[in-house]
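According to TrEMBL, the protein has these features:
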- B:20-42: transmembrane segment (TRANSMEM)
- B:54-72: transmembrane segment (TRANSMEM)
- B:92-112: transmembrane segment (TRANSMEM)
- B:143-163: transmembrane segment (TRANSMEM)
- B:183-200: transmembrane segment (TRANSMEM)
- B:220-240: transmembrane segment (TRANSMEM)
- B:260-278: transmembrane segment (TRANSMEM)
- B:285-306: transmembrane segment (TRANSMEM)
- B:326-345: transmembrane segment (TRANSMEM)
Amino acid sequence: MGSGRRSLFAGLAASLSGTAAAAEPPVPSRGIGPRWGMVVDLARCIGCQACTVSCIMENDVPPDSVRTIVNTYEVVKDGVPGMAMLPRLCNHCNEPPCIPVCPVGATFQRDDGIVVVNADVCVGCAYCVQACPYDARFINHETQKADKCTFCAHRVDAGLLPACVESCVGGARIFGDLNDPNSTVRRRLASEESAVLKPELGTEPRVFYLGLDDVLAHKPEGTPTLWRPQHQEGI
Amino acid sequence: MPQITEVIGISREIAWLPWAVTYFFLIGLSVGSFLLSLPHYLFGRPGWERAGRLALIGALACGMAAPVALLADLHQPGRFWRFYAHPNLNSWMAWGAFFIPTYLSGLFLYAWSSLRPAIAADAEDRGILAPLYRLFGGRALPWLSRAAATVAIIGACLVLLYTGMEVMVVRARPLWNTPFLPVQFALTAIGGAIGLALLLDRLLGGHEAATEARLNRALAMVLGASMLVGAAWFAIGFFGLEARHAQALASVAQHDSFRITAFEGQAALALAILLALWKPRGSGWLTGLIALHAAWMFRWTVFIGGQSVPKNAPGLYDYHLPLGPSGLLGIAGSMGLLVFLIILLDALMPPARTRAAAPGEALPGRA
């Protein structure tokens with residue numbers, strides 16, 4: 001059943017024709033410890049937003065913000081319409097553009113590759129928010145500091161999966177150690193064609209997509225959604 | 001080309017608020033005004049007395065008001081000490097925390113050392129403030145004026161450099177990521193400073209037609225240079241001569257709001273240049289306001305407009321100016337502070353006079 005459902009979605013994705021330029025499988029870091037990364041199998045994503053909600057609940061994200069969301073698009077190719085899901089989150093890049101711009105060194109990369117913000121040091125200047133090409137960061141209105149996906153570092157450190165992975169209905173989000181040749185993420189990346197978002201920027205994302213359409217690997221141009229929830233400041 | 005319709009998406013609200021626009025506007029005006037004061041106070045050029053005084057008032061008032069807006073943008077002004085406790089010197093913003101005090105220290109010292117003889121000469125007319133004027137006034141110290149001016153000039157260049165580079169290095173926003181941006185920031189800042197001096201010439205007592213004409217001629221040159229830079233940016237992007245510029249133009253050219261703003265901006269600059277050249281005496285009100293408007297609108301379009309272009313979504317994000325501190329109230333408050341400081345400085349600063357007329361004063365550089 002699992003493989004059948006997967007074939008169905010894979011077929012739908014293929015019907016949109018043309019996947020994004022393949023990303024090179026990650027080269028294992030020289031470090032001894034893990035290098036966490038994520039593989040998103042788009043054929044398995046149904047856009048249910050369970051990941052979005054579980055992330056909000058797990059990380060106490062303010063109601064007007066998200067650390068991850070599944071963008072949903074209608075893509076018409078050669079007259080054939082199809083739905084495309086694209087879960088977005090921090091890419092925990094190998095070359096994160098958010099880190100060098102931080103004026104106080106509040107944002108940094110752990111040895112395991114997870115990019116985090118030290119809220120005790122962050123001044124809320126939002127420079128990192130500007131520098132992130134994936135729009136993965138925002139200013140938290142309750143703390144007035146930079147906020148972002150941490151791969152649920154607190155859960156990972158306790159041996160658990162990130163909340164979004166744990167709650168993913170279709171098993172689209174796969175989390176694991178990119179340094180471990182036997183991990184699922186490494187095996188999937190070795191056996192299937194993967195892509196990353198905006199590879200031309202040289203950020204070397206560590207969130208890989210399987211079955212990513214090329215038109216969605218970059219900023220999609222088209223018709224915007226009619227309504228986008230947004231925080232509004234009162235007087 | 002596939003057709004894409006976004007079905008589910010969110011807006012990322014702007015993260016650099018109108019406070020940032022206000023800061024860049026004021027610090028740019030301060031630096032530009034300081035540079036405009038140099039012909040009189042540093043080089044002793046005849047005919048620049050009034051322009052120099054007006055420019056110095058603008059430099060000091062904007063220089064004092066600008067950091068207030070910058071601190072407000074941190075949401076909690078007390079956070080500023082972390083810039084010095086934990087500086088990340090890979091960040092242009094971190095360097096700014098050192099460049100701003102360098103510039104402002106040099107500016108204040110330059111102003112004080114340049115005005116010492118005039119302050120002393122003014123003491124008798126200051127009533128109960130006379131002791132203060134005697135305390136701060138004194139004979140000219142040309143070496144101090146030169147040293148302070150040098151520090152302030154270096155600081156001013158560093159401020160222009162960092163404010164431009166800080167924005168330019170953001171590759172995630174194509175509109176910001178071209179080397180034309182720092183140049184245009186600098187030119188519009190100097191143009192705005194000349195505009196401020198033209199406005200102050202009318203608002204503060206002692207209007208001089210010759211000063212107005214001199215400032216108008218300088219304004220026409222600076223605005224002309226600004227238009228050329230804008231045209232070069234557009235041409236490189238339009239003809240696809242360089243990928244980054246083409247990307248920058250493409251990110252905004254499809255949106256009517258940007259097209260209208262660009263047309264309006266260029267038309268306003270052209271009008272100001274024509275007026276300044278055609279009627280250099282008498283047009284200061286209008287040319288000054290247009291130059292200030294251009295400096296503000298350029299920063300508003302770059303910051304607020306630039307952030308309304310989504311990084312990962314089609315269309316534009318909506319932006320409505322909030323009425324509270326993060327919006328209209330913040331802008332009005334900053335401008336209110338600026339007006340207060342201008343009035344205060346105008347009341348306290350000695351009147352403009354030719355440098356030879358100041359008793360006991362030797363011209364800097366000629367002592």
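Each Cβ is built from the backbone N, Cα and C atoms, and glycine gets one as well.
Any TrEMBL annotation is an automated prediction that lacks curation.
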For this session: Count the Cβ pairs between the transmembrane segment (B:92-112) and the transmembrane segment (B:20-42) that lie under 8 angstroms and are 6 or more residues apart in sequence, then report whether there are at least 3.
Result: yes
Problem set entry | Contact between the transmembrane segment (B:20-42) and the transmembrane segment (B:326-345) (at least 3 Cβ pairs under 8 Å, separation 6+) | yes
Problem set entry | Stretch with greatest number of CB pairs under 8 Å, the transmembrane segment (B:285-306) reference, B:54-72, B:143-163, B:183-200, B:220-240, B:326-345 candidates | B:183-200
Problem set entry | Region pair the transmembrane segment (B:326-345) / the transmembrane segment (B:143-163), three or more CB pairs under 8 Å | no
